[in-house]
Amino acid sequence: MAEWVFKQGALSLAEMTNLPAGFRKRLAGEAVVGRLEVLDSRVSAAGDTVKYLLGLDDGHAVETVLMRHDYGRTVCVSSQVGCRMACRFCASALGGWIRNLRSGELYEQVLAVRRASGEPVTHVVLMGMGEPLDNYENTLKFVANVTAPYGLRLSQRRITLSTCGLVPEIQKLARERLALTLAISLHAPNNALRDTLVPVNRKYPLEQLIPACAEYARRTGRRVSFEYILLGGVNDSPELARELSDLLTGLLGHVNLIPANPVPESGYRAPSPEAVRTFRRVLEEGGVPVSLRRELGADIGAACGQLRRRHRTKAVEE
């Protein structure tokens, strides 16, 4: 049964033809093979990104994204309906948190995208709506299923888990000794600025977060990715780049620079191209590995910080 659900993506018990008919009939009265309904889909102008609006059985909906790369197909999975982290530049926090997604709802996002696109999924990033480590147990169950022999058999190394910095859960994840790529939504090199942009920093400041990241890298042997959204005139100065370089010196890590994507409600703007070049150069001069993310899907609201909670009954109208 697990193989039918997790690998074949069966939509009903009737499809599980190698199970006895009587057993399937009895089971039908006690269980339902869940599936998320595709309410809407939007394709970017470049054709490399598709955003799906998936309806849940309680009337809410989540956004899931397919990204087409030269090296494969990546699905960006949401972990919660809404988010309670309240990052100032992120649309997912608008309207607050409703509930955690069940592990099956995380998995079904991957299957729904595979069905709708007809393309095999090679990578997963837990970077959609919500904070994955605020839904720890369901997130780890999802990882176990998507990497299992009865599932899609994805390599753990092809899964990236993003967090804004829940230190106890990062430490717990490190003890799991999984080969996941940990991505930290950093966005500021000091507590004063990060307290404003990423409010969870007030509970888990950089003095706790950075050692937790170092522990994760040490226990897993995996390089930690530090995501840094560049907000024009806010966190994109050369001085802050030098602070960031000092903060990460000696850590097995990598900085991923992301020019801010439009979220009208946030009031933030993208940095100038010159500010991006200078920020990157300062990090490189400091010996910090750095890359500039090629953003996909900004024109359809599918890029970093743009996914948001919607209600199923209103989604189709939008």
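For all residues, glycine too, the Cβ spot is worked out from N, Cα and C.
Here's what Swiss-Prot has on this protein:
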type	residues	note
ACT_SITE	GLU63	active site, proton acceptor
ACT_SITE	CYS304	active site, S-methylcysteine intermediate
BINDING	CYS83, CYS87, CYS90	[4Fe-4S] cluster binding site
BINDING	GLY130, GLU131, SER162, SER185, LEU186, HIS187, ASN261	S-adenosyl-L-methionine binding site
DISULFID	CYS76-CYS304	disulfide bond
DOMAIN	69-299	domain 'Radical SAM core'
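Features as recorded by Swiss-Prot, highlighted on the structure.
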residue: GLU63; record: active site, proton acceptor; Cβ neighbours (10 Å): 25
residue: CYS76; record: disulfide bond; Cβ neighbours (10 Å): 28
residue: CYS83; record: [4Fe-4S] cluster binding site; Cβ neighbours (10 Å): 27
residue: CYS87; record: [4Fe-4S] cluster binding site; Cβ neighbours (10 Å): 21
residue: CYS90; record: [4Fe-4S] cluster binding site; Cβ neighbours (10 Å): 25
residue: GLY130; record: S-adenosyl-L-methionine binding site; Cβ neighbours (10 Å): 31
residue: GLU131; record: S-adenosyl-L-methionine binding site; Cβ neighbours (10 Å): 27
residue: SER185; record: S-adenosyl-L-methionine binding site; Cβ neighbours (10 Å): 26
residue: LEU186; record: S-adenosyl-L-methionine binding site; Cβ neighbours (10 Å): 29
residue: ASN261; record: S-adenosyl-L-methionine binding site; Cβ neighbours (10 Å): 22
Recorded positions near the residue listed as 'active site, proton acceptor' (Cα-Cα within 10 Å), from CYS76, CYS83, CYS90, GLU131, SER162, SER185: CYS76
LEU186 (S-adenosyl-L-methionine binding site) to CYS87 ([4Fe-4S] cluster binding site) - Cα separation in whole Å: 11
Pairwise Cα distance for ASN261 (S-adenosyl-L-methionine binding site)/CYS83 ([4Fe-4S] cluster binding site) [Å, integer]: 18
Local confidence of the domain 'Radical SAM core' (69-299) - pLDDT mean: 94
Residue pair GLY130 (S-adenosyl-L-methionine binding site), CYS87 ([4Fe-4S] cluster binding site) - Cα distance, angstrom, rounded: 11
DSSP-derived class (H/G/I helix, E/B strand, else coil) of SER185 (S-adenosyl-L-methionine binding site): strand
Spatial neighbour of GLU131 (S-adenosyl-L-methionine binding site) that is closest, considering only the binding-site residues CYS83, CYS87, CYS90 and their CA atoms: CYS83
